[in-house]
Amino acid sequence: MKPQPIQVERLTCERDHRELFAGLSFELAAGEVLQVAGPNGSGKTSLLRILAGLMPPVAGDIRYAGESILSGRGRERWRQDLLYIGHAPAIKGSLTAEENLAWLCALGTPASREQIWAALAQVGLKGFEDVLCHNLSAGQQRRVALARLYLQPPPVWILDEPFTAIDKAGVAALEQHVLAHAAAGGLVVLTTHHSLDHLDAVRCLDLQQVA
Amino acid sequence: MRRIVWLLFCREWRLAWRRPGDLLNPLVFFAIVISLFPLAVGPEPSMLRIMAPGVIWVAALLATLLSLDGLFRSDYEDGSLEQWVLSAHPLTLMVLVKVAHHWLVSGLALVILAPLFGLMLALPPQVLPVLCLTLLLGTPVLSLLGAVGAALTVGLKGGGLLLALLIMPLYIPVLILGTGAMDAALQGLPVMGYALWLGCLAVLALSLAPLAIAAGLRIGVSE
């Protein structure tokens, strides 16, 4: 399943009456990885939340397959094709890794127990399937959330700081997974303070320069 | 659709039973308020009997309000609500399941415990079925309306007091009908009218509150 092209048109974002960016326009097509960069408070998370459709923009529009994602049929379609993992990764401490993933997958495409175990093994959590998540470290909890990227994910990924608390080997594996997804025709938008300069395929959008 | 309802119910069930303290809080509150009254006003059965409907209903109302404050908070803070909002499944259905589960572990427990406390407050045994019936019809309304307030205050720090201020006026009809039915039963008058009104409110809340809760949560998540 390949994503449709995305057009971001003259997007403006305000937080507490302070303008974070204005007139931001760009286009994304299948096979691209976009890194949103900028210092703290420059509106990276806000941009991702607006893109995901969680937060309405002050002005501007986002089109997916030619239709606005802010309402109606365009929004339905966008939600079907989108996987958003936010700053808070929706992991419940009092559920096990497997239960967390089973529920999060059920919200989109349901996954079987075997698929979940395989995905957990791929993020290095083999043997932790039945451990309550509050007994896992921050990095391990983040890995549980990121295991969703290995479970029949939709074509468009929006990832807010996916590398937080993850060790070097984990980051490298994740980078490869993101690139492989893009190479297979997927589309990834992510923020990270971690440098992705060594990856040629990554486009960078610096919010400080457009502000 | 049926699958997501079942899975959500299982998830809520697990979350609730792994933190049993949170389940017990409203029940303990209910028990403490009711057992303090005879100590404070004296053990005279005729006096307790007059006060009993009001005391039980007010305690049930406050216990529900107390337990609702955190209904959506943890899901909001750990990002679960964002995933719900973005999911292709209807948010109204998911919040209805969540509130229904909440009522099953708090409201229904109050209904089951109430006859015991009714006896403690010297209510005659023949009015206890009326007490159970009115609570059975009234507590879902309390849960649903309270969940609207909980959804609207989900993003606010210390929204507990605001929740009480927002929701208390809406609870008053339920309180009046519930205690009215009990007073009528104590005097041997028919209670069907009160019960039907409570039933009306329950149906109304069941059909409209989930829409308001979902809208409130969408606003909370978009902040």
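These residue numbers are counts, starting from 1, taken along the chain as shown.
The backbone N, Cα and C atoms fix where each Cβ goes, and this holds for glycine too.
Keep in mind that this is a model prediction, so the values were computed, not measured.
If you look up TrEMBL, you'll see B:21-41, B:47-68, B:103-122, B:128-154, B:161-182, B:194-217 marked as transmembrane segment.
Between the transmembrane segment (B:128-154) and the stretches B:21-41, B:47-68, B:103-122, B:161-182, B:194-217, it is B:194-217 that has the most C-beta pairs under 8 angstroms.
A Cβ distance under 8 Å defines the sequence-distant neighbours of the transmembrane segment (B:194-217), meaning residues of its chain 6+ beyond its ends; these are 72, 76, 81, 84-85, 90-93, 95-96, 99, 133-134, 137-138, 140-141, 144-145, 147-148, 150-152, 154, 173-174, 177-178, 180-181, 184. Across the candidate stretches B:47-68, B:103-122, B:161-182, the maximum count of CB pairs under 8 A to the transmembrane segment (B:21-41) is reached by B:47-68. Sequence-remote contacts of a segment are chain residues at least 6 beyond its ends whose Cβ falls under 8 Å from one of its Cβ atoms, and for the transmembrane segment (B:103-122) they are 16, 23, 26-27, 30-31, 34-35, 37-38, 45-46, 48-49, 51-52, 55-56, 60, 63-64, 67, 128, 131-132, 135-136, 139-140, 142-143.
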